[in-house]
Structure formats: C-alpha cells, structure tokens
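Quick look at what TrEMBL annotates:
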TRANSMEM  45-73  transmembrane segment
TRANSMEM  93-110  transmembrane segment
TRANSMEM  117-137  transmembrane segment
TRANSMEM  157-175  transmembrane segment
TRANSMEM  202-224  transmembrane segment
TRANSMEM  230-250  transmembrane segment
TRANSMEM  353-372  transmembrane segment
TRANSMEM  392-416  transmembrane segment
TRANSMEM  428-447  transmembrane segment
TRANSMEM  467-486  transmembrane segment
TRANSMEM  507-531  transmembrane segment
TRANSMEM  551-570  transmembrane segment
Amino acid sequence: MATIVSTNAMQVQTNEKNSAGVKNGFKQKVIIKLKVLRSKKTGGWYSAFLCLVNQGLATLAFFGVGVNLVLFLVRVLGQDNATAANNVSKWTGTVYLCSLLGAFISDSYWGRFLTCAIFQLILLLGLVIMSITSWIFLIKPNGCGDGILNCVPPSPLGTALFYLAIYLVALGYGGHQPTIATFGSDQFDEANPKEKISRAAYFGYFYFALNAGSLISNTILVYYEDGGKWTLGFWASTAAALLGLFIFLLGTPGYKYVKSFGNPLPRVAQVFVAAVRKWRVANVEGEELYEVDGSESSIKGTRKILHSNDFKKLDKAAIVTEEDRQRPAFNPWRLCTITQVEEAKCIIRMCPIWLCTIMYSVIFTQMASLFVEQGEVMDATIGHFRLPAASMSAFDICSVLACTFLYRFMVVPLAGKISGNPKGLTELQRMGVGLVIGMLSMVAAGVTEIYRLKHVIPGKEASSLSIFWQIPQYILVGASEVFMYVGQLEFFNGQAPDGIKSLGSSLCMASMSLGNYVSSMLVNMVMTITARGERHGWIPENLNNGHIDRFYFLLFGLALVDLFAFVVFAKWYKGIQHEGSDESCTKEGVKESQVLDKV
C-alpha cells in the first residue's frame, strides 16, 4: 500500500514537473518570439511599397472627383465656362493649401503616421458625402450631365452638401499627400549609403505611383462620369480610398516611426527676436557661437546643422553675451543655438526658389481646366465612340510614367558620366528643365487653339479639328512634371531641416495651391480687360468667339520671365549641411554610383 502511495506521489511529482516544463517552454518560446519581433528590422522597401500603393489608391480616389470636376460644374450645376474654371482653380488651390496644414500638424504634434491616418478618414468622409449627395440631390433625372440630357437645377441643400463634400476631399487629400511622401522616405536611413540612394529613388517612384493611380481615374472613371454615371464614379473613388486606408494600416507593425519635433514657428520666431535684441552686439566667428553639447541638437531627435556665413545678422541670436552667462538658465528668446539659427536661414534660402515654382503651377493647372474646355469643342469621335475630353490627361500620365523610367535608367547614367554627379542632374537643374518644357507645352496648346479656330463648324460651337491635336501639349506637361515636381519633392524634402521635413514636402503642393489661385486671378484680369464693350474676351462662354491661344502665349511670356529669376536664385542658393555628413556628394561619387546600379 505504501508502495502504491509512493508510486502515485512520484507520478504527481512527474506530472507537475512536466507541467512546469511545458509552462517554462512556452514562456521561453514567447520570450524568443518577442526578441525576434524586437530585433526585426523596421522600414525598408516593404514598408515604403505599402506607402506607394496607398498613395496610388488615394490619388485614384481624389482624381475620380477632380479630373472631371469642371464638367460636373458646367453640366450638373449649370455654371458657365469661366466660372467653372475659376471654381476648379480655387478648389485645387485649397487642396494644396491644406498640405501646409497637414505638414504642420505632422511635424509639430501628431507625427506622420497618425496624421496620414486621420486625413485619410477625412478624405473618405468627403467621398461618402459626395456619392450620397450626387445620388439623392444632384443627378436628376438619372443619367443627366452627359452633355446631352440636362439636369434639373440643383436645390440649395444639394449645392451646399456638394461643396461641403468636395472641400472635405480637399482637406483630406491635401493633408495626406505631403505627409505620406515624408513618411515613406522615413523608412530609409539617410546615414546608410545604400538606403540614402533608395530614399532618393523613392520620390521618383512616389510620383510614379501618384500618376499610376490617376491613370485609372483619367480613363475608366472619367468615361463613366462623362456618360452621366457620376454617382458610380464617385462610389468607385470611395472604394479606392477605403482600400488604400486598409493597406496603409496593414503595415503598422513594420513601419519606422519618427516622432513629432514640436511647433517650429516659435523656434523660428525666437531666432528673429533674439537677433533684434542683440542688433548692436558685434559679430563673432562661427566657432564662438552657442551650440549644445552632444550629437543631437537642442531640437530633440534632430541632427545639428553646420554654421553658414550668409545672413550674418541672424548669427547675433547665437552670440553668448555677459548677460546670458549671468542668467541661471539660457532664455531661448534671447539666445538660440547654431542649429536653430540655421533652420531659420534654410527657410529664407528656400523661399525664392519656391516662389519661382508658382508660375509653373499656373501652367500645370490649365490641364484640369482650359485644356478640358478646349477639348470639349473639338472632334472627339472615334467611329461611333466619343472620347471624354478629360480623358486626354491619360496622355499626360503615360508621359509621366514613361519619362520617369527614361530619366532613371537613361538620363541619370548618361548625365552622371558627363557631370560626375551620381544623381545625374541636381534637383535645381531638373526643376529648371521642367520649367522650360512646361513653357513649350503652352506654345503647343496655343498653336492647337489657332488651328482649332480655323476649323470651326459654322453655326456650331464645335470644331472639326481632332482632339488628338492636344496630345503634344499633354505629353509636354507630363515630361515637365517628371523634372519639376519630382525635383521639387527631392529638393524641399532634402534641404529642409529634420524638424520640418513634412513642411518641406508640402512646399511642392503649396506651390500648386498658389499656382491655382494665380491662374484664377489671371483669368479674371484677362476677362476684365479683354471683355469690355461688345467684345467677348479671350475666354468667353463660346470659345469660338474667344482667343484662349493668346492666354496660353501670355503664360509662356510670364514663365520666361520667371525662368530668368529662377536661374539667378538657383545660382545664389547654398545647400544645408548637417554635422557629420559629407560636405560634397562628389567625394563619394564612385561609391554612390555603384550603389545606384544595384537599386
């Protein structure tokens, strides 16, 4: 009996040991799994690829509304051509103006991931309201707005909901785009030579993804919308935005996150206030200016910026006076670090370059307004099929997609061998080339309009000239985008200090914003001057009575003046240099070109 008890006791002990062993083994496995997860590399091309797909789908959703908006305003809301073109310019300007808001919130408070997620939700909400409003209030009778069947004049409620929806779309997409551009570039470490090249390549692929998404909007969606199926197009845009948000959130565990750096406005203001307070203090050498110890700057998480010799009056903000030494703690409104001063200098240097890009944006915005209205009064039939005028922007997109690869795999290697720069052309050189090509697109558009007017059908608003005469102007705009906008993204993001990277990316969109507002202003001025008395003006309701060719040539002339200013400021510009970084890219040109071949 004792033996039996002893045996049972041994079995119980054995079971307890086995149970304890299983628990310990399970704990060990969990610990190992956690260590693997902790050691797992975040960021890289997989995370960046999710950002690219997200951008493509968000752009598809946005252009599902924007690409045909001028025709929606004319056909469904009953607006005239000039009013519709101005409203589209103002709306598009608001889209890109919202990019500054998104970038500011991203850099200062929410961080890039949260900002991207929230603004995508706003975009989705706007698209849902847009779809429901067009379905219930605006498309009456069903199928109207196709250019043949007129819609019933909209009710005030329907119009109000429509404008609420499109401006929510403007806010959502505007706040999302520059933030996702910077968030995607965050997935690469700038200190790593391979990832530095990948980071530069990312911006080219980012613009490629943007145009790939808009290609669907400009071909498939625009076809259905032009045929009166506006609601179907808006619901398709909503579905694309929802899928994009899902894919973005899918990558949450693998993203590399960058924390917000605080509000940059007080930091910049402190530099100017401190410099004014020490206006009478004599300048000192750069080595004597104030900077915190350690590898990081006073702005947590950012690198130090090396001192530059221009704007010496601002250096006074970093001079340590006897009064500063006597204080128990340094007052940032009296004494700033070199990095803080250089951040303010960097913003000042970038401003003239940025202002010179606005005129190009005026050229670019014609593609969504006057190009479409011009195409509407041209022969767009292919057999029994009528091509929507807005779908001609597909040639712009195809041009962008083709030129992106041509630039990356042909121009970069060739220009790199000639100049010794592994990037081929510098960002400023690319922007200058983009401006020149954009000017040529205005010449092509003007010539097309001259020939269109020669082929006007008597008694009708249409012309017998084929809409395919517009192809050169769209292709030239697309080629110019590859140089101008990709160059802008790389330039402003690369030259912006760490604490305002998203703001740097948003400057590209802010340029588009002001470009749209300037375009609207120019249209109003031109019509005020040219439509006096019995004259119809350059951009009348019936384009056959006008001269939009003269407006295109006017834009060419203004852009030519802008080009001269851009060249002057580009030669004057001095790039930002971080502490510990190479002073010149050419010093390791061979190494970087080897890495570039592998990307």
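Residue numbers in this text run from 1 along the chain shown.
Including glycine, each Cβ sits where the backbone N, Cα and C put it.
Counted over residue pairs 6 or more apart, the CB atoms of the transmembrane segment (45-73) and the transmembrane segment (507-531) come under 8 Å in fewer than three pairs, which marks the two as apart. Contact between the transmembrane segment (428-447) and the transmembrane segment (157-175) is not supported: fewer than 3 Cβ pairs lie under 8 Å, counting only residues 6 or more apart in sequence. By the Cβ criterion (distance under 8 Å, sequence gap of 6 or more), the transmembrane segment (202-224) is counted as touching the transmembrane segment (230-250), at least 3 such pairs being found. Contact between the transmembrane segment (507-531) and the transmembrane segment (117-137) does not hold: fewer than three of their C-beta pairs are under 8 Å, each pair 6 or more apart in sequence. Using a Cβ-Cβ cut-off under 8 Å and counting only residues 6 or more beyond its ends in the same chain, the transmembrane segment (117-137) has close neighbours at 58, 61-62, 65, 76, 102, 110, 154-155, 157-158, 161-162, 164-176, 179, 230-231, 234-235, 237-238, 241-242, 244-245, 248-249.
The list of residues near the transmembrane segment (157-175) in space but at least 6 beyond its ends in sequence, with Cβ under 8 angstroms from a Cβ of it, reads 58, 61-62, 65, 69, 77, 91, 94-99, 101-102, 105, 115, 118-127, 129-130, 133-134, 136-138, 509. Away from its own ends, the transmembrane segment (353-372) comes close to residues 66-67, 69-71, 84-85, 88-89, 92, 389-390, 392-393, 396, 428, 431, 434-435, 438-439, 441-442, 445, 470, 473-474, 477, 480-481, 484, 488, 491-492, 507-508, 510-516, 518-519, 522, 539, 548, 551-552, 555, 558-559, 562, 565-566, 569-570, 573 of its chain (Cβ-Cβ under 8 Å, at least six residues beyond either end).
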